[in-house]
Amino acid sequence: MRRMLYAQLPSRALVVVAQLGIADILAEGPADISTLAERTSTDAVALARLLRGLAVFGVFEEGAEQVYSLTPLGEALTSGHPASALPSATLVAGQFGAAWGDLLETVRTGQSPFERSRGVSLFTHMEQDEELRAVFDDSQGRGLALELDEILRAIDFSAYPTVVDVGGSDGTFLRRILSAHPDISGIVFDLPGSTSLQAERPTADPLEGRYSVATGDFFDSLPEGGDLYLLSHILHDWDDDRAVQILRTCRAAMSDDATLMVVDLIAANRGQRDERLHTAALMDLYMLSLFGGNGGQERTAAQVEVLLSKAGFRITRVDSLPSGMNVIRAVRAA
């Protein structure tokens with residue numbers, strides 16, 4: 001129990017390491033504590049204790065004479081890592097971490113901290129805070145990079161000639177799908193402020209001509225003509241009514257032959273304690289802290305099925321992956 005109570009300390013230590021840029025310094029090569037303290041303007045004794053603690057958790061290697069180096073785990077805190085946790089650390093250091101600290105009031109009121117302090121939801125707040133939105137999108141994209149290999153091994157996307165990535169942000173998922181399957185094409189769809197793919201498209205893009213970018217609101221309408229409509233970590237951001245509305249918008253754009261694919265964590269049923277469900281449990285607490293008691297959430301398989309049924313879908317297949325991620329496929333119900 002005490003280990004759980006004190007678990008926030010390694011988290012805070014990682015945030016400090018991220019704020020000081022220590023992983024990027026060590027990416028240049030091993031360094032002793034005096035060098036690290038000088039380059040980060042910190043106290044050498046305090047910094048050594050911080051790094052020593054994280055070395056026990058496998059983030060750093062501590063060598064002779066307090067020389068530190070990165071482990072493969074620690075490399076995930078470097079800015080250049082494809083699945084870098086730096087954007088997530090930035091969120092925890094700022095408004096998201098503050099929301100965690102306000103969890104008691106969230107549980108008492110059911111309201112999110114953003115509703116209480118600003119009178120708007122998190123997503124409405126991010127429309128007004130471009131810097132926060134950019135860090136959030138970056139964090140989402142880097143986190144997705146951790147899942148893509150597993151998903152692409154498990155799912156044959158070649159069966160879907162045109163993929164519509166709904167709420168696809170910078171197109172990370174779609175680009176990986178297209179790279180793995182050269183005979184298909186796709187559309188990235190998101191709010192105008194969220195879709196940075198058009199602006200960031202590489203000058204010599206090997207996927208040129210195989211995808212397009214469409215903007216709009218997935219509560220209103222979506223591009224028609226897709227064979228697969230992909231919702232990756234979208235439904236868990238919304239309450240039940242809004243989630244059903246997103247699904248109905250997908251259904252309206254889909255033909256009878258099209259497939260809906262929902263990629264999300266699945267929460268534990270009553271009494272389940274499978275270790276694979278720990279990630280979903282942590283993420284649901286995360287969602288509670290940000291969205292309040294009646295907002296975004298991780299759902300059980302039965303709850304997801306209810307949402308799909310309300311929106312006019314019938315589940316055809318569920319793939320439960322080793323990481324705890326689930327890929328749910330559905331079609332329009334008769």
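Residue numbering: from 1, along the chain as shown.
Cβ coordinates are placed from backbone N, Cα and C, and glycine is handled just like the others.
According to Swiss-Prot:
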- H236: active site, proton acceptor (ACT_SITE)
- D190, G216, D217, F218: S-adenosyl-L-methionine binding site (BINDING)
Using the recorded S-adenosyl-L-methionine site (D190, G216, D217, F218) as reference, state which further residues of the same chain have their Cβ within 8 Å of the centre of those residues' Cβ atoms, listed in sequence order. V166, G167, F189, L191, T215, F219, D220, L222
Of all C-alpha pairs drawn from the S-adenosyl-L-methionine-binding set D190, G216, D217, F218, the farthest apart lie at a distance in Å of 7
All-chain count of other Cβ atoms within 10 Å of F218 (S-adenosyl-L-methionine binding site): 19
Note: in the chain of the residue listed as 'active site, proton acceptor', residues six or more apart in sequence with C-beta under 8 angstroms of its C-beta are D264, L265, M283, M287, G296, Q297, E298, R299
Tell me which residues of the chain lie with their Cβ under 8 angstroms from that of D190 (S-adenosyl-L-methionine binding site), as long as they are six or more apart in sequence? G167, G168, S169, T215
Is it possible to get the count of other C-beta atoms within 10 angstroms of the C-beta of D217 (S-adenosyl-L-methionine binding site)? 12
Same-chain residues at least 6 apart in sequence whose Cβ lies under 8 Å from G216 (S-adenosyl-L-methionine binding site): F189, L191, L222
Please classify the secondary structure at G216 (S-adenosyl-L-methionine binding site) using three-state DSSP. coil
In which DSSP state, out of helix, strand and coil, do we find D190 (S-adenosyl-L-methionine binding site)? strand
